[in-house]
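Undergrad: Sharing the record's features from TrEMBL:
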ACT_SITE  151  active site, proton donor/acceptor
BINDING   9, 380  Mg(2+) binding site
BINDING   16, 209, 210, 211, 212, 213, 284, 285, 286, 329, 330, 331, 332, 333  ATP binding site
BINDING   94  substrate binding site
SITE      182  site 'Transition state stabilizer'
SITE      242  site 'Transition state stabilizer'
Ligand code: AMP
């Protein structure tokens with residue numbers, strides 16, 4: 001019998017799922033994916049086939065406040081009806097925070113859950129929502145093997161210097177340090193590179209994960225050395241609606257001089273800044289690239305400028321750079337942004353092949369370029385499915 005592996009990625013207002021079927025091959029096969037969104041407002045369930053055809057859709061117009069767990073149970077029942085001759089063997093969850101200790105995906109038990117609960121203060125906007133479906137699934141399927149895959153885990157190989165703020169030791173000891181995020185995406189890219197270009201994968205690579213959340217990571221010999229995200233996913237590059245790096249003095253100013261509350265500042269930094277804040281037009285890069293509004297043009301300029309500055313910093317962390325990789329929504333689909341980043345990076349030895357870039361080729365640098373440049377689509381769900389299957393296999397063997 002084939003194994004069904006469920007991947008869950010839950011946020012505050014949505015729960016995304018992907019169902020994979022594995023018969024032991026290297027790559028689990030995506031069977032269907034979907035989400036419940038609009039939780040507490042206008043719940044909406046949609047499920048799609050791998051190539052996008054809608055398989056099922058459901059709304060609850062009379063029950064806008066239908067609970068998280070009721071919606072989750074509806075979703076699980078629908079998923080189980082899709083298994084065919086496969087058996088649901090395991091569920092892998094994206095858990096944003098694994099703290100300082102966890103550098104690997106882990107089989108979930110009560111002790112681990114208690115540990116992960118203690119990390120909620122470090123990621124209050126995400127961690128509780130990541131843990132909720134683990135508990136809900138345990139109620140429905142107490143025996144199902146569940147695996148936690150951490151967004152911070154890949155960066156635990158960072159040297160001490162890359163993980164530290166220059167704060168008093170006491171506060172650092174309480175866990176105020178740089179954790180880094182988007183780790184599942186970077187790990188997936190590092191594994192893909194090993195297949196696409198093994199020599200490149202052994203070198204010094206900077207990966208630009210440019211989506212609605214955006215960050216960059218320095219990877220040497222497949223291991224994370226440094227990244228632009230820090231204590232939270234607010235640090236580093238400007239994003240769709242998040243500021244990226246900000247002088248901490250600005251937060252003090254907003255608090256002390258403007259009299260803003262912590263909640264108002266949180267909203268400003270997470271939801272009203274970045275591309276939307278600078279442009280006043282949109283958080284969507286496609287809209288900004290097509291807009292003739294001067295502030296939209298400046299938002300793109302600032303985004304590219306910050307990427308270019310961070311690229312220098314990450315190259316310095318590795319003592320140089322051999323390859324540059326673009327991934328996620330903007331990185332995979334915007335030749336304009338890639339071209340502008342590569343232009344700024346000529347001083348590092350980047351020579352872009354314009355035609356290959358426009359065509360969306362896998363390698364978009366010239367053959368002579370001292371630094372090769374790649375476009376590699378990311379797939380965090382597949383990474384979670386692979387991890388979950390690895391844990392499942394290790395449990396079977398033990
Ligand atoms: P992600 O979070 O990885 O799904 O990326 C989402 C973002 O990618 C969107 O907000 C868009 O700004 C951006 N994006 C998607 N397609 C394109 C495109 N063709 N050109 C520029 N940006 C794009």
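Keep in mind that glycine also has a Cβ here, set from the backbone N, Cα and C atoms.
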Undergrad: What is the number of other Cβ atoms found within 10 Å of the Cβ of residue 284 (ATP binding site)?
TA: 16
Undergrad: Find, among the recorded positions listed as 94, 182, 242, 286, the one whose Cβ has the highest number of other Cβ atoms within 10 Å in the structure shown.
TA: 182
Undergrad: Cα-Cα, whole number of Å: residue 212 (ATP binding site) versus residue 151 (active site, proton donor/acceptor)?
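TA: Cα of residue 212 (ATP binding site) to Cα of residue 151 (active site, proton donor/acceptor) measures 16 Å after rounding.
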Undergrad: Between residue 9 (Mg(2+) binding site) and residue 16 (ATP binding site), how many Å separate their Cα atoms?
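TA: Answer for this pair: 5 Å between alpha carbons.
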Undergrad: Those recorded positions, 9, 16, 182, 210, 330: which ones have a Cβ sitting under 6 Å from ligand 1?
TA: 330
Undergrad: I need the CA-to-CA distance for residue 284 (ATP binding site) versus residue 182 (site 'Transition state stabilizer'), whole Å please.
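TA: Checking the Cα atoms of residue 284 (ATP binding site) and residue 182 (site 'Transition state stabilizer') gives a distance of 19 Å.
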Undergrad: If you count Cβ atoms within 10 Å of each one, which of the binding-site residues 330, 380 comes out on top?
TA: 330
Undergrad: Counting only residues 6+ away in sequence within the same chain, which have a CB under 8 Å from the CB of residue 16 (ATP binding site)?
TA: 8, 9, 10, 33, 34, 35, 381
Undergrad: State which of the following recorded positions has the fewest other Cβ atoms within 10 Å around its Cβ: 151, 332.
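TA: Per-residue Cβ counts within 10 Å for the recorded positions 151, 332 bottom out at 332.
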Undergrad: Please report the distance from the Cα of the residue listed as 'substrate binding site' to the Cα of residue 210 (ATP binding site), rounded to the nearest angstrom.
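TA: Answer for this pair: 19 Å between alpha carbons.
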Undergrad: Given residue 330 (ATP binding site) and the residue listed as 'active site, proton donor/acceptor', what distance in Å do their CA atoms have, once rounded to a whole number?
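TA: One finds 20 Å between the Cα atoms of these residues.
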Undergrad: Between all pairs in 16, 209, 210, 211, 212, 213, 284, 285, 286, 329, 330, 331, 332, 333 (listed as ATP binders), what's the biggest Cα distance, rounded to the nearest Å?
TA: 24
Undergrad: In terms of DSSP three-state secondary structure, what is the assignment for residue 212 (ATP binding site)?
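TA: Going by the DSSP assignment, residue 212 (ATP binding site) belongs to neither helix nor strand, so it counts as coil.
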Undergrad: Cβ distance under 8 Å to residue 210 (ATP binding site), same chain, sequence separation 6 or more: which residues?
TA: 237, 307, 326, 327, 328, 329, 330, 331, 334, 337
